[in-house]
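*Asks:* Below are the structure tokens for one structure; questions will follow.
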Amino acid sequence: MLDIQLLRKDLDGVAKRLADRGYTLDVAAFSALEAERRAIQTRTEELQARRNSLSKQIGAMKGKGEDTSDVMAEVGGIGDEMKASEAKLGEIQTRLSDLMLGMPNIAHESVPVGKDEADNVEVRRWGTPREFDFAVKDHVDVGTPLGLDFETGAKLAGARFTMLRGSIARLHRALAQFMIDTHTLQHGYSETYTPYIVNPEILYGTGQLPKFADDMFRVEKGGGENTITQYLISTSEISLTNTVRDSIVEGSALPIKLTAHSPCFRSEAGSYGRDTRGMIRQHQFDKVEMVQVVAPDASYAALDEMVGHAEAILQKLGLPYRVITLCTGDMGFSAAKTFDLEVWLPAQNTYREISSCSNTEAFQARRMQARFRNAQGKPELVHTLNGSGLAVGRTLVAVLENYQNADGSVTVPEALRPYMGGMERIDAPAQVS
């Protein structure tokens, strides 16, 4: 959530910066609510002052034995008006809060202004795409004989679900374990196991609600007035970041660095017809997430560090990739700045997103009331960052395509062999005649 004081000081400036993100701030609606709020607060202060004055007057009158009934009646009327004003003020505050909850974060000044992904800026590349001396297959054609089972996944749960079998399932697990081990043993993150189902207020904290309710899978139990609504997490960023919700941590405890491997659930409501083949876009997928909670003056150094941690996974796996800076129109709702890592997929002859690393600055912290005690001993909002380290399913896709062989087998990357019992190659199971 943005700082409402910023809007009160520079409403037109905020509106312009939000317009760079493709968001139209209803300046008239905000101004009208603010004017009404100020008027009610001013009137309430006047009523409070009048009531205090009358209370003193009543005390003096009683001391003289004078009749106070008229003054008492006026005090009662003031009390009634103040109650009505408080109710009206509460209504206005709710409407202001609803308006604020729908506003995206303001982009950092270093973010390129643009409309969509066409305006993103490439930062660097690593690795050279492999040259094949045979016809390259996509991950579906490579993986299906080896244990990718789209048919059974669809039979069990519908479109955009996949079953993994045998060595492919083991490779998928190996990738997640390798990522977690790298982040915990080499990058300083603390491994965390989180709930996969969370309460609605947790999603408000990280920014998925109220705007993206249609992208979430909702779980309801009970019935009628006793219905309890919860949501499946779309990323473990949600659970990890909210661990500092409604708390004040000591400055000496920062940075807090957490990582988790979890399934993620997304309805993909706005992606009809996109990436319908294979594992690129699924309703259920695994991801290893990185989260950092840091002091404000350290957050952009932490962002660069987090990008480096995601890059390290790709480099250890020998997968070519590029890093891009997302433009204002392509960033996620809560982000102030985002770097995407895109891995090379030879069958598509292009780079595809495999990690997104974002600094949300104080945007999530303000929604969560997550603070730290600064050097002066005063509570101050933390900055929160999140990044994929990496999306496990898409990494599996990249391994299958980049390490495929002419005979249909897949070479196991060296970094994964300790997690695969020393296996160097995945071959299709022998067919029984």
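Quick reminder: no glycine exception, Cβ is built from N, Cα and C everywhere.
The feature L-serine binding site is assigned by Swiss-Prot to Thr235, Ser236, Glu237, Glu289, Ser388, with sequence analysis given as support. According to Swiss-Prot, the feature ATP binding site maps to Arg266, Ser267, Glu268, Glu353, Ile354, Ser355, Ser356.
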*Asks:* Across all chains shown, how many C-beta atoms besides its own are within 10 angstroms of the C-beta of Ser267 (ATP binding site)?
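*Replies:* Total other Cβ atoms inside 10 Å, all chains included: 17.
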*Asks:* Can you check which residues sit near Glu268 (ATP binding site), meaning Cβ under 8 Å from its Cβ, same chain, 6 or more apart in sequence, and list them in order?
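*Replies:* The answer is Arg160, Asp215, Arg281, His283.
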*Asks:* In angstrom units, rounded to an integer, how far apart are the Cα atoms of Glu237 (L-serine binding site) and Ser267 (ATP binding site)?
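*Replies:* On Cα coordinates alone, these residues lie 17 Å apart.
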*Asks:* Can you tell me which of the binding-site residues Thr235, Ser236, Glu289, Ser388 is spatially closest to Arg266 (ATP binding site)? Compare CA atoms only.
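*Replies:* Result: the closest of the binding-site residues to Arg266 (ATP binding site) is Thr235.
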*Asks:* Look up Glu237 (L-serine binding site) in the DSSP assignment and report helix, strand or coil.
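*Replies:* Looking at the DSSP assignment, Glu237 (L-serine binding site) belongs to a helix.
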*Asks:* Quick one: of the binding-site residues Thr235, Glu289, Ser388, which has its CA closest to the CA of Ser356 (ATP binding site)?
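*Replies:* Among Thr235, Glu289, Ser388, Ser388.
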*Asks:* Among the binding-site residues listed here, Ser356, Ser388, which has the most company in the form of other Cβ atoms within 10 Å of its Cβ?
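*Replies:* Per the Cβ count, the most surrounded site is Ser388.
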*Asks:* Counting only residues 6+ away in sequence within the same chain, which have a CB under 8 Å from the CB of Ser355 (ATP binding site)?
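*Replies:* Ser355 (ATP binding site) has long-range Cβ partners Ala310, Asp340, Leu341, Gly387, Ser388, Gly389, Leu390, Ala391.
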*Asks:* May I ask which of the binding-site residues Thr235, Ser236, Glu289 is closest to Ser267 (ATP binding site) if we compare their C-alpha atoms?
*Replies:* Thr235
*Asks:* Where does Glu268 (ATP binding site) sit in the DSSP three-state scheme?
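*Replies:* DSSP assigns Glu268 (ATP binding site) to coil.
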*Asks:* What is the total of other Cβ atoms whose distance to the Cβ of Glu237 (L-serine binding site) is within 10 Å?
*Replies:* 30
*Asks:* Report, in whole Å, the straight Cα-to-Cα distance of Thr235 (L-serine binding site) from Glu353 (ATP binding site).
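*Replies:* So the alpha carbons of Glu353 (ATP binding site) and Thr235 (L-serine binding site) sit roughly 16 Å from each other.
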*Asks:* What same-chain residues, at least 6 away in sequence, bring their CB to under 8 Å of the CB of Ile354 (ATP binding site)?
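*Replies:* Listed in sequence order: Leu314, Tyr321, Leu341, Glu342, Val343, Ser388, Leu390, Ala391, Arg394, Thr395, Ala398.
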*Asks:* With a radius of 8 angstroms around the mean position of the C-beta atoms of Thr235, Ser236, Glu237, Glu289, Ser388, what other residues of the same chain does the L-serine site pick up?
*Replies:* Ile238, Leu240, Ala260, Ser262, Cys264, Lys287, Val288, Met290, Val291, Asn386, Gly387
*Asks:* If you draw a 10 Å sphere on the Cβ of Ser236 (L-serine binding site), how many other Cβ atoms land inside?
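*Replies:* By my count, 27.
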